[in-house]
Amino acid sequence: GVRIITLALADASTSRVTGGFKQETCLLLGATGVGKTLLLKRLQNILCTRELESTPPTLPTVGTNLTDLTLKKKKVTVRELGGCMGPIWPSYFKDCSFFVVDSANTAQISSSCIQLLSILSAESLHNAPVLILFNKRDMPCIMSLTEIKSLFRMDDIIASATQPITVLEMSARSGEGLKEVMSWLESVAVK
């Protein structure tokens with residue numbers, strides 16, 4: 001697979017055509033420290049080596065991080081937007097979105113829910129598929145996943161959303177759930 005990592009502050013939210021493939025842009029969103037960068041590094045690693053290696057080091061993303069992934073002859077550009085960029089996320093909304101929640105950080109749950117509702121109500125994402133990832137399921141947690149989903153009112157969100165929503169639990173650190181994330185990406189990628 002092709003691995004390109006670039007730090008970019010310019011808006012490149014339009015689909016690109018490279019090497020005969022239309023490249024869809026998928027946003028990777030979530031609060032600071034939820035595991036977006038580690039998730040992206042894990043996806044790259046699995047695509048390149050087919051193995052889950054030791055946990056790579058990460059730093060909080062400031063600005064954006066563009067990563068091109070090739071999935072079974074489909075290309076997807078994943079644009080990770082730093083959690084600190086929340087106020088300008090709407091200017092990047094395009095084809096599809098991941099929204100990552102740190103399910104071990106109960107203090108952050110309410111603000112993550114507000115961010116998610118803002119994303120789902122954005123006109124430009126009206127029909128765009130959204131993947132909600134409850135990350136860090138390997139960590140000791142005060143609340144169960146059922147309790148966290150209840151706080152989010154996930155059933156109500158899914159029932160009233162205009163876009164297709166998929167909810168997965170995962171651990172970017174242990175690799176649990178990465179296969180399902182890849183399957184979702186392949187299902188939304190442009191052919």
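Glycine is treated like the rest: Cβ placed from N, Cα and C.
As recorded in TrEMBL, the features of this protein are as follows:
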- G30, A31, T32, G33, V34, G35, K36, T37, G83, N135, K136, R137, D138: GTP binding site (BINDING)
- T37, T61: Mg(2+) binding site (BINDING)
In whole Å, note down how far the CA of T61 (Mg(2+) binding site) lies from the CA of D138 (GTP binding site). 22
Within 10 Å of T61 (Mg(2+) binding site) by C-alpha distance: pick out those among the binding-site residues T32, K36, G83, K136, and say none if nothing qualifies. T32, K36, G83
When you measure from the Cβ of G30 (GTP binding site), how many other Cβ atoms are you left with inside 10 Å? 28
Counting other CB atoms within 10 A of each CB, which of the binding-site residues K36, K136 comes out lowest? K136
When you measure from the Cβ of G83 (GTP binding site), how many other Cβ atoms are you left with inside 10 Å? 22
Where's the emptiest Cβ shell within 10 Å among the binding-site residues T32, T37, T61? T32
Test of understanding: give the count of other CB atoms lying within 10 angstroms of the CB of D138 (GTP binding site). 14
Would you kindly give the Cα-Cα distance separating T37 (Mg(2+) binding site) and G30 (GTP binding site), rounded to the nearest Å? 10
Among G30, A31, T32, G33, V34, G35, K36, T37, G83, N135, K136, R137, D138, the annotated GTP contacts, find the widest CA pair distance and round it to a whole Å. 22
Can you tell me how far the Cα of G83 (GTP binding site) sits from the Cα of T37 (Mg(2+) binding site), in Å? 11
